[in-house]
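Enquirer: Taken from Swiss-Prot, the feature active site covers 7, 67, 139, and the record attributes it to sequence analysis. Per Swiss-Prot, Mg(2+) 1 binding site is recorded for 7, 139, and the stated evidence type is sequence analysis. Swiss-Prot lists 67 with the feature Mg(2+) 2 binding site.
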(Lines of atoms letter the chains of each structure in order from A and count residues from 1; the text may use other names and numbers.)
(Lines give C-alpha, C1' and ligand atoms only; values in the text may rest on other atoms or scores of the structure.)
Protein backbone atom coordinates (compact mmCIF):
# COMPACT_ATOMS: atom_id res chain seq x y z
CA UNK A 1 0.00 0.00 0.00
CA UNK A 2 1.37 3.41 -0.94
CA UNK A 3 0.35 6.17 1.48
CA UNK A 4 0.51 9.92 0.91
CA UNK A 5 0.66 11.78 4.22
CA UNK A 6 -0.07 15.50 4.42
CA UNK A 7 0.62 18.07 7.12
CA UNK A 8 -1.48 21.02 5.93
CA UNK A 9 -0.50 24.64 6.47
CA UNK A 10 -1.11 27.94 4.72
CA UNK A 11 2.57 28.91 4.74
CA UNK A 12 4.13 25.45 4.51
CA UNK A 13 2.38 22.19 3.62
CA UNK A 14 4.39 19.04 4.19
CA UNK A 15 3.91 15.87 2.18
CA UNK A 16 5.40 12.42 2.54
CA UNK A 17 4.94 9.20 0.59
CA UNK A 18 5.76 5.73 1.89
CA UNK A 19 5.19 2.15 0.82
CA UNK A 20 3.91 -0.20 3.52
CA UNK A 21 3.86 -4.00 3.39
CA UNK A 22 2.66 -5.29 6.73
CA UNK A 23 4.94 -3.65 9.27
CA UNK A 24 7.70 -2.95 6.72
CA UNK A 25 7.94 0.66 5.63
CA UNK A 26 9.86 2.15 2.73
CA UNK A 27 10.46 5.83 2.02
CA UNK A 28 9.34 7.03 -1.42
CA UNK A 29 9.34 10.85 -1.38
CA UNK A 30 8.75 13.88 0.80
CA UNK A 31 8.93 17.63 0.68
CA UNK A 32 7.46 20.93 1.70
CA UNK A 33 5.27 23.16 -0.41
CA UNK A 34 6.33 26.70 0.51
CA UNK A 35 3.57 29.16 -0.28
CA UNK A 36 4.67 32.74 -1.05
CA UNK A 37 3.12 34.93 1.68
CA UNK A 38 2.73 37.89 -0.71
CA UNK A 39 0.03 36.05 -2.69
CA UNK A 40 -3.64 36.70 -2.02
CA UNK A 41 -5.46 33.94 -0.14
CA UNK A 42 -7.14 32.36 -3.20
CA UNK A 43 -3.78 32.13 -5.00
CA UNK A 44 -2.12 30.66 -1.91
CA UNK A 45 -4.78 27.96 -1.74
CA UNK A 46 -4.32 27.28 -5.46
CA UNK A 47 -0.57 26.76 -4.92
CA UNK A 48 -1.36 24.08 -2.31
CA UNK A 49 -4.04 22.49 -4.51
CA UNK A 50 -1.90 22.40 -7.67
CA UNK A 51 1.23 21.11 -5.93
CA UNK A 52 -0.58 18.33 -4.07
CA UNK A 53 -2.31 17.27 -7.29
CA UNK A 54 1.13 17.03 -8.90
CA UNK A 55 2.54 15.02 -5.98
CA UNK A 56 -0.39 12.60 -6.20
CA UNK A 57 0.00 12.31 -9.99
CA UNK A 58 3.75 11.64 -9.77
CA UNK A 59 3.75 9.24 -6.79
CA UNK A 60 0.46 7.41 -7.47
CA UNK A 61 -0.58 6.69 -3.86
CA UNK A 62 -3.31 4.19 -3.00
CA UNK A 63 -4.61 6.21 -0.06
CA UNK A 64 -4.02 9.52 1.71
CA UNK A 65 -3.69 10.42 5.39
CA UNK A 66 -4.24 13.95 6.61
CA UNK A 67 -3.67 15.59 9.96
CA UNK A 68 -6.86 16.98 11.49
CA UNK A 69 -6.83 20.70 12.25
CA UNK A 70 -6.41 21.50 15.92
CA UNK A 71 -8.34 24.28 17.60
CA UNK A 72 -6.05 27.25 18.09
CA UNK A 73 -6.45 30.04 20.63
CA UNK A 74 -6.65 32.42 17.66
CA UNK A 75 -9.87 31.71 15.71
CA UNK A 76 -8.58 33.52 12.61
CA UNK A 77 -5.52 31.21 12.47
CA UNK A 78 -7.75 28.17 12.86
CA UNK A 79 -9.96 29.32 9.97
CA UNK A 80 -6.95 29.94 7.72
CA UNK A 81 -5.50 26.53 8.56
CA UNK A 82 -8.89 25.00 7.81
CA UNK A 83 -8.84 26.61 4.38
CA UNK A 84 -5.40 25.16 3.64
CA UNK A 85 -6.72 21.80 4.76
CA UNK A 86 -9.70 22.27 2.43
CA UNK A 87 -7.35 22.88 -0.51
CA UNK A 88 -5.51 19.66 0.39
CA UNK A 89 -8.79 17.72 0.62
CA UNK A 90 -9.85 19.05 -2.81
CA UNK A 91 -6.54 17.93 -4.33
CA UNK A 92 -7.00 14.46 -2.83
CA UNK A 93 -10.62 14.22 -3.96
CA UNK A 94 -9.59 15.35 -7.43
CA UNK A 95 -7.00 12.56 -7.42
CA UNK A 96 -9.73 10.04 -6.44
CA UNK A 97 -7.95 9.08 -3.21
CA UNK A 98 -9.60 7.74 -0.07
CA UNK A 99 -8.69 10.10 2.76
CA UNK A 100 -8.14 9.04 6.36
CA UNK A 101 -7.78 11.67 9.06
CA UNK A 102 -5.78 11.54 12.28
CA UNK A 103 -5.20 13.92 15.15
CA UNK A 104 -1.69 15.02 16.06
CA UNK A 105 -2.07 12.96 19.26
CA UNK A 106 -2.91 9.79 17.29
CA UNK A 107 -0.02 10.36 14.89
CA UNK A 108 2.53 10.92 17.65
CA UNK A 109 1.29 7.90 19.60
CA UNK A 110 1.53 5.66 16.52
CA UNK A 111 5.04 6.86 15.60
CA UNK A 112 6.73 7.67 18.92
CA UNK A 113 4.59 5.78 21.43
CA UNK A 114 3.34 8.85 23.28
CA UNK A 115 0.93 11.55 22.19
CA UNK A 116 2.97 14.21 23.98
CA UNK A 117 6.13 13.74 21.89
CA UNK A 118 8.18 16.77 20.87
CA UNK A 119 8.72 17.58 17.18
CA UNK A 120 12.34 16.45 17.47
CA UNK A 121 11.24 13.04 18.76
CA UNK A 122 8.86 12.64 15.82
CA UNK A 123 11.63 13.59 13.38
CA UNK A 124 14.03 11.10 14.99
CA UNK A 125 11.52 8.23 14.92
CA UNK A 126 10.54 8.96 11.31
CA UNK A 127 14.24 8.86 10.41
CA UNK A 128 14.65 5.51 12.19
CA UNK A 129 11.45 3.88 10.96
CA UNK A 130 12.20 4.78 7.34
CA UNK A 131 15.99 4.23 7.57
CA UNK A 132 16.71 7.74 6.31
CA UNK A 133 20.28 9.03 6.10
CA UNK A 134 19.39 12.38 7.65
CA UNK A 135 16.72 13.97 9.79
CA UNK A 136 13.74 15.05 7.68
CA UNK A 137 12.60 18.69 7.76
CA UNK A 138 9.83 19.33 10.32
CA UNK A 139 6.94 19.65 7.84
CA UNK A 140 8.08 16.62 5.84
CA UNK A 141 8.59 14.63 9.04
CA UNK A 142 5.05 15.43 10.22
CA UNK A 143 3.61 14.36 6.85
CA UNK A 144 5.68 11.15 6.84
CA UNK A 145 4.55 10.50 10.43
CA UNK A 146 0.94 10.86 9.30
CA UNK A 147 1.56 8.31 6.53
CA UNK A 148 3.28 5.95 9.01
CA UNK A 149 0.33 6.31 11.39
CA UNK A 150 -2.06 5.25 8.65
CA UNK A 151 0.19 2.35 7.63
CA UNK A 152 0.04 1.06 11.21
CA UNK A 153 -3.57 1.91 12.11
CA UNK A 154 -5.43 2.06 8.79
CA UNK A 155 -5.62 -1.68 8.08
CA UNK A 156 -7.13 -2.27 11.53
CA UNK A 157 -9.74 0.43 10.93
CA UNK A 158 -10.56 -1.14 7.55
CA UNK A 159 -11.13 -4.52 9.20
CA UNK A 160 -13.35 -2.98 11.86
CA UNK A 161 -15.32 -1.15 9.18
CA UNK A 162 -15.87 -4.42 7.32
CA UNK A 163 -16.98 -6.10 10.54
CA UNK A 164 -19.42 -3.26 11.13
CA UNK A 165 -20.78 -3.67 7.61
CA UNK A 166 -21.16 -7.42 8.15
CA UNK A 167 -23.10 -6.72 11.36
CA UNK A 168 -25.41 -4.34 9.52
CA UNK A 169 -26.09 -7.04 6.93
CA UNK A 170 -27.06 -9.47 9.70
CA UNK A 171 -24.10 -11.83 9.42
CA UNK A 172 -21.54 -12.68 12.09
CA UNK A 173 -19.38 -11.26 13.63
CA UNK A 174 -21.12 -8.13 14.93
CA UNK A 175 -20.14 -4.96 16.74
CA UNK A 176 -22.19 -3.65 19.65
CA UNK A 177 -21.16 -0.48 21.47
CA UNK A 178 -17.79 -0.70 19.75
CA UNK A 179 -17.17 -4.28 20.92
CA UNK A 180 -17.07 -7.46 18.91
CA UNK A 181 -19.96 -9.76 19.83
CA UNK A 182 -20.60 -13.22 18.44
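Using the three backbone atoms N, Cα and C, a Cβ is placed for every residue, glycine included.
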Enquirer: List the same-chain residues at least 6 positions away in sequence whose Cβ sits under 8 Å from the Cβ of residue 7 (active site), in sequence order, or say none.
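Expert: Set apart from residue 7 (active site) by at least 6 residues yet with Cβ under 8 Å, we have 13, 14, 15, 67, 139, 142, 143, 146.
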Enquirer: Under a three-state reduction of DSSP output, how is residue 139 (active site) classified: helix, strand, or coil?
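Expert: DSSP call for residue 139 (active site): helix.
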Enquirer: What count of other C-beta atoms do you get within 10 angstroms of the C-beta of residue 67 (active site), across all chains shown?
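Expert: Residue 67 (active site) is surrounded by 24 other Cβ atoms within 10 Å.
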